[in-house]
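Everything on this sheet refers to the single structure shown next.
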Amino acid sequence: MKTCQSSHLDSGVESDIQCRSGSGCVVKCSTERMESAAKRRLAANARERRRMQGLNTAFDRLRKVVPQWGQDKKLSKYETLQMALSYIMALTRILAEAERYSTEREWINLHCEHFHPESYHHYTGQKVATDSDPYAQRIFSYHPEHFQIAN
């Protein structure tokens, strides 16, 4: 004699229903198995939905801390990961570079050297007023001096 598993006992405990005629039990057992499979599928779907919601929330949080060039569209998951990787690598380079210099002052001087008078005119498209140009000396009384960074 065969025994069927009860649909309300998902723990695997066998019921007291014993089958004498095989066809009645097969129908009942297959129905119970289908109901059990449907319940498991619903539970798995709910777990997957929660997992995806958590993943999407994590991507949204990452998008908020990763710098974006334009705010016109939301970055895709792939773009978000690429930007996060680039951002982390840039920050790592900055930290590694800062460790190479013994003082904070040396690091600041390295990054501010392009602000010296002989080079900042190059960035603005202006030429430096020289002593040989009396017109420039008369018109522009201001003479740029070296920038100083306060400690």
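Note that Cβ sites are derived from N, Cα and C of the backbone, with glycine treated the same way.
Taken from Swiss-Prot, the feature domain 'bHLH' covers 39-91, and the record attributes it to sequence analysis.
Around L42 (site 'Required for CHRNB3 transcription activation but not for DNA binding'), taking its Cβ as the centre, 10 other Cβ atoms fall within 10 Å, counting all chains. Swiss-Prot lists L42, A43 (among others) with the feature site 'Required for CHRNB3 transcription activation but not for DNA binding'.
Feature annotation from Swiss-Prot assigns site 'Required for CHRNB3 transcription activation but not for DNA binding' to R49 (among others). Taking all protein chains in view, 10 other C-beta atoms sit within 10 angstroms of the C-beta of R49 (site 'Required for CHRNB3 transcription activation but not for DNA binding'). Under the three-state DSSP scheme, R49 (site 'Required for CHRNB3 transcription activation but not for DNA binding') falls in the helix class.
Every protein chain considered, the tally of other Cβ atoms within 10 Å of the Cβ of A43 (site 'Required for CHRNB3 transcription activation but not for DNA binding') stands at 10. Taken residue by residue with DSSP, A43 (site 'Required for CHRNB3 transcription activation but not for DNA binding') is part of a helix.
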